[in-house]
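Everything below concerns the one structure shown next.
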Amino acid sequence: MGQTNVTSWRDFVFLGFSSSGELQLLLFALFLSLYLVTLTSNVFIIIAIRLDSHLHTPMYLFLSFLSFSETCYTLGIIPRMLSGLAGGDQAISYVGCAAQMFFSASWACTNCFLLAAMGFDRYVAICAPLHYASHMNPTLCAQLVITSFLTGYLFGLGMTLVIFHLSFCSSHEIQHFFCDTPPVLSLACGDTGPSELRIFILSLLVLLVSFFFITISYAYILAAILRIPSAEGQKKAFSTCASHLTVVIIHYGCASFVYLRPKASYSLERDQLIAMTYTVVTPLLNPIVYSLRNRAIQTALRNAFRGRLLGKG
């Protein structure tokens, strides 16, 4: 008998953490700690920027939306993963898997476009500082944020439709800890070559288009920095971009490795490690690398806590 389509009545089952009970408990404690730090750090960044009028600038506007996007991304994946590590149900319904893939892909794509918008903001700040206020006006900033979110959701929807348009075979065990495109695609019946190509093209478009704008922005930024006569001035100008560059390199490096490879090169252990970095570690780097080293953010956080404590008193 041939393989049968069972997606209408059977759930998917995650096998990403089919290890010993002691190791699962250790992983649960580790990922719960990382998740709580990630969640609270990003929420604090959003609150600090919202409460401090000195941070109502385009750069911090984009940063707050990036923190919001990262928070939503982790909310769609990590709580479900922690439940599995704690001994909860490892099954997820067909609709639940599709929803998880849609939201995780949408937020991941949105992050790419927000990072591109942040790169453009740095370009205007360094290359045209006298016209920064007029160029980066509220209307343009709102358009960049809305476009990032809408485009991210369109690409996320496209990837989800490509995957769940396929028929799935009797094997319904996902060798992963969430419904990501490569492991779910590996469960499909028949020739998945065309679908694999479509996913590759969609991923390539997201990464290339956003990374192209970042590269162009930094090419102009580098040229402007090299024209600064003093080494101190060059160092100060570059320091405003260093955190953004760090996040870009890690974000795009992990995403390219996961999504821009053919199905034949999929490796369970290696891809789970990269996915862990992309899902758990990268969202934590945003507040640490990009924000918590920023004196303005630190001051805003202190003022917010001080105001709250005084209000209680």
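Yeah, the Cβs are placed from backbone N, Cα and C, and that goes for glycine too.
With respect to the membrane, Ile77 and Ala296 are recorded by Swiss-Prot on different sides.
Ranked by Cβ neighbours within 10 A across all protein chains shown, the disulfide-bonded residues Cys97, Cys189 are led by Cys97. DSSP assigns Cys189 (disulfide bond) to coil in the three-state reduction, placing it in neither a helix nor a strand. Within the same chain, residues 17, 19, 63-64, 67-68, 70-71, 74-75, 78-79, 81-82, 85-86, 280-281, 283-284, 286-288, 291-292, 297, 301, 304 sit at least 6 positions outside the transmembrane segment (26-46) and bring their C-beta atoms closer than 8 Å to a C-beta of that stretch.
Panel annotation: around the topological domain 'Cytoplasmic' (218-237), residues 119, 122-123, 126-127, 245 of the same chain, lying at least six beyond its termini, place a Cβ under 8 Å from a Cβ of the stretch.
Model confidence over the topological domain 'Cytoplasmic' (218-237) is summarised by a mean pLDDT of 86.
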